[in-house]
Amino acid sequence: MEYGFVDCHCHISAREFEKDLEDVIQRTKEAGVKTLVAVTEEVGEFDRVLQLQGRYPDLVAPCFGLHPLQEGGQRSVNPQDLDAALPLFYKHRERLVAIGEIGLDFTPWCAPSHQDREDQMSVFIKQLSVAKELQLPVNVHSRSAAKVTIETMREQGISRALLHNFAGKPSVALEGVQAGFFFSFPPAVCRNHQRDKLIKQIPLEHICLETDSPALGLHKHERNEPCNIALCCRHIADVKGLSTQTVQIVTAQNALRLFPKVQTHMQHISL
Ligand SMILES: [Zn+2]
C-alpha cells in the first residue's frame, strides 16, 4: 500500500493560506501528502475547517479545539470561551478526527498570572473529557509545560494523544511514550540540532510527521506549507540513521493508528 505522508498537525484554515489556497493544495498533493490533519485554535475557525473538508474531502481531516492562547497569542483561553465551542464539538462529532489544538502554554510572557494557568488547565481538562466522551484522540500543544501536560493527560485517562512540536526533556517524553502517546516535529527542527537527542530517544513507533503550517518552517520568517513535510522526514531519518522511506512508512502507519478515522477516509480514497 502506498501511504504517502500524513501531516498530523497543520493550520490549513489559517488566514495566511486564504489568497493562494489552490496553489498550496496543489503543491501539497505533488509532495505526496495524502492527509492534512487540520487543527483549529479558536471557535471562529471551526466553520472554515469544515468548509475546507467539503472542498477537499479526500485531503482535509478536521479537528476542533481551543488553543491555550487565544486572539493570536494575546491572552490565555478561559472557561467562557468554551460556551460557543462545546455545542459545535457535539454537533459535528461525526466529521472530526480529533480534538485539537488543545493544551497548555505556560511561557511566562504568554501566561503571566496564576489565573491564566488555572484557566488554561480547566479548559484543557474539559476538552480532554469531551475527547473521551466522543472517543476521539487529542492533538496537543505544550510549551513550557511538557511535564504537566503529560501528567494531566495520564491523570485524565487519555490513551491516544499527539504531542506536537514537543520540546521537553527526553525523560519526560519517555513518560509519554510509556502512556502510548505520539510525538511530532515540524520542519523548524531542521534549523539546528537542538531536538536531535529527543528525536533519537523516542522510538520511531511513537513518532509522526507534521508541519504546523503556516508556522514553524525551515526559515523563520517564511510561510511554511504542508509540502515541506519531506524535510522533517529526512531530518528524523538522518538523526535515527534510517532511510527516509522507512520513516515515511512507519510514521504514516503511526498516524493511522493514532487517528483511526483518517484510515476510513484513506480507504475511501483508494476505492
Ligand atoms: Zn499548531
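Placement of Cβ uses the backbone N, Cα and C atoms for every residue, glycine included.
Predicted, not measured: the structure shown is a model, and the values here were computed from it.
Non-local neighbourhood of His9 (divalent metal cation 1 binding site): Val37, Val39, Gly100, Glu101, Asn139, Leu162, His164, Asn165, Ser184, Pro186, Glu210, Thr211, Asp212, each in the same chain, at least six residues away, with C-beta under 8 Å from its C-beta. TrEMBL lists His9, His11, Glu101, Asp212 with the feature divalent metal cation 1 binding site.
His141 (divalent metal cation 2 binding site) carries a strand DSSP state (E or B). According to TrEMBL, the divalent metal cation 2 binding site annotation covers His141, His164.
Taking the mean position of the Cβ atoms of His9, His11, Glu101, Asp212 as the divalent metal cation 1 site, the remaining residues of that chain whose Cβ falls within 8 Å of it are Cys10, Val39, Gly100, Asn139, His141, His164, Glu210, Ser213, Ala215.
Each residue contributes its Cα atom, and for His141 (divalent metal cation 2 binding site) and His11 (divalent metal cation 1 binding site) these two points are 13 Å apart.
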